[in-house]
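Residues or ranges marked as domain 'Glycoside hydrolase family 31 N-terminal' by TrEMBL: 23-212. The domain 'Glycoside hydrolase family 31 TIM barrel' feature in TrEMBL is assigned to 254-579. Residues annotated as domain 'Glycosyl hydrolase family 31 C-terminal' in TrEMBL: 587-673. Annotation source TrEMBL lists domain 'DUF5110' at 690-741.
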Amino acid sequence: MAKLPTYQQDHQTIIFKNSAREIQLTIITPEIIRVYENHSESGTSYAIEGDKQKPTDYRIIQKPDHYEISTSALTIKMDAAMHLDAYDSNNHPLIIDYRGSRTPLDRGIDEEHKKFVQEEGHNVPGADDQNNPHYFQVVKDLAADEQIYGLGDKTGYMNKRGYEYDDWNTDNPAPHLENFTRLYKSIPVIIGLKAGHPYGLFFDNPYRSHFDFGKENPDYYFYSAEDGNLNYYLIGGKTLKAVVTNYTYLTGRTPLPQKWTLGYQQSRWGYSASQKMVQGIVDKMQQSDLPFDAIHLDIDYMQGYRVFTWDDAAYAGNPKKFVTNLKNQGKKIVAIIDPGVKKDPGYKIYDQGIQNDYFVKDLQGKVYVNQVWPGDAVFPDFGRTAVQDWWGKNDQFLTDMGVAGIWNDMNEPASFQGEIPQDIVFSDHGRPSTHKKMHNVYGHNMAKATYEGVKRATGRRPFVITRAAYSGTQKYSTVWTGDNHSIWPHLQLLIPQLCNLGMSGFTFAGTDIGGFGSDTTPELLTRWIEAAIFSPLLRNHSAMGTRAQEPWAFGEPTLSIYRKFLKLRYRFIPYLYDLFARESKNGLPLMRPLVLNDENDPRVRNINDQYMVGDSVLVAPIVQPSQRKRLVYLPAGKWLDFWNHQEYDGQQDIVVDAPLDKLPLFIKKETILPWGPEVNQISETPDTTMTFNVYGDSGSYHHYQDNGLDFKYQQGEFNDYLINVDQDQVSVKLVHQGFQPVYQHVTVNLKNQSITLDYHSDTEDYK
Ligand code: GLC
């Protein structure tokens, strides 16, 4: 029998050695175990900040042919060949090393024919480059009944099984369809269900990497990387929710946003070229009785695309006055900032960066130049604290103007003159490294710099939007899925994309509503605003040169339907904000696939055209042209049609009508939901009343309230209301009181009556 490796224990780390390898297992918590093998790379994480290790009891037992390392939740078995197998506490297999050899996909083509086929523009992928001396792979068993979710906003479907993907942040404006392997973000976490047993696997390595989920061979899935250390986390948890909670414990959770950021936002590349155009949009939104909170300024507001400048002349010489005016009316401006700094001696930002040596350089020590919107541009070296601080301070140029949010784009980083060479010197936590290593975390570091800068300057919860991201960026920024198109497949895609982002820790996310590239149609725009109405980030954005797609662009009935849904969104904002307050503690996404709530129901494991908002709101949008009815699968429980309160049993498919102005929407019976007032923007003046709707006859609900702006809630300045309903008995309790004023009246709408309770300050309760 082959000899087992030797091992040595150092607190919660066990180091296994044989003649060829040294593999460390570190117990982070009972449900998180890290697997690590040093490949001579500095291993400081960008995703994980601070010490996440908790004192955890574990034991190690030697069996004849393997070791067993167990915590209360996970058992890892290691054999003589150093295979690693993870089981849950009931000995169900979760993550098992594949024992066979890989059988690379035979595409039936030789090199000569490959060239021939490529001449017409076809893509013939090559095998992964296993001859690269730094290459490594991790191959795991794939069970017949196994689903794989996560990986951020990759294309395709909820379940990634049968597909392959790459992590190499990429700006490719062609339509992102299911055969696209890479997009703007690298979020190397998978959340799996193996024969119904949940697990997570997080590969924390920023180098270019590849995932194949049983495409090459249905018996295994694999991860491979071009370089870096073997560094992954085995994540357990009794439920899928617990796995997501554990993963977000490790990499962080989306902090509570400012409340207004949940409002509707209107954008288009081109608007910001003049004050007149932006004002025109504001006026038209108001005249059309359309609720909104922000207008986004794309690159045109700057002087010749120079970041941290403003084309004053196009803003009547005084952009600050314009922004302040809007602000006084309760409307916010969000402005774009790209990383590329125009190469332009005499321009302050360029000069400062050159003087202080803040830009990335080639191996000869020359500042590296590529092209983006401003033409020749140079790139800040965000892997250094000094550069992050400098960038963050520059954001003050915008916050001083009254700009309320910063949108970071092109931070893959995108470059128009070919990809930045791999050996360009980028810093890694302050030490010289390469573009090859730092590429996938460039956007992360930029978003972090922006978040910190805005926080220092304003004291408010920063509103940052980023296109490129890495695992952990959710702590600093909301994201959008980049340049989609006005095509039906992209309306369909938003459900798996946003749900998988949510499973990967990114709850604050959205798509360009109506589609960015290509020309939208009235029906597509209508179905898009319906389908996206619960997406946490709610922004309509489009490319210059495409057909206009503001809510009024097609007249009636599009405008009225669009308005109806925006009004519905604002009614739901107190619910969405409650979910954010919970999410910041447990990491569970607002918008989520049905499987996250009901993993034991095999029917929901592959649903791509329905989603949940929290635990009890089910959304089944129409995502096909001309469709006026659809099949809806209702999971276990009883459900009420939101529009007419008709009751349905769960665990069945029903056919529902969906004329153009209807979004099929169901509420789980015995649910209480807050119901905001009808408003056209989110006010900074605290609400003094709140309404709750009861779906069914009873229920209980926690509702959160604070000032919606800053960090005072962290010192306890918030209220937690507990609403209980049992038939017609209604009670409202202030479980935590730290924010003033509390609601003076609370109205609860029951099936056949409405009950209003008033606050009595002497007894501090509602009667
Ligand atoms: C990129 C962004 C898009 C933006 C455009 C101009 O394509 O993804 O949202 O409008 O650049 O800045």
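Quick reminder: no glycine exception, Cβ is built from N, Cα and C everywhere.
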For a three-state summary based on DSSP, what are the helix, strand and coil counts in the domain 'Glycosyl hydrolase family 31 C-terminal' (587-673)?
7 helix, 34 strand, 46 coil
Under 8 angstroms for C-beta pairs, at least 3 of them, ignoring pairs fewer than 6 apart in sequence. Is the domain 'DUF5110' (690-741) in contact with the domain 'Glycoside hydrolase family 31 TIM barrel' (254-579) by that rule?
yes
Could you give the number of helix, strand and coil residues in the domain 'DUF5110' (690-741) as assigned by DSSP?
4 helix, 32 strand, 16 coil
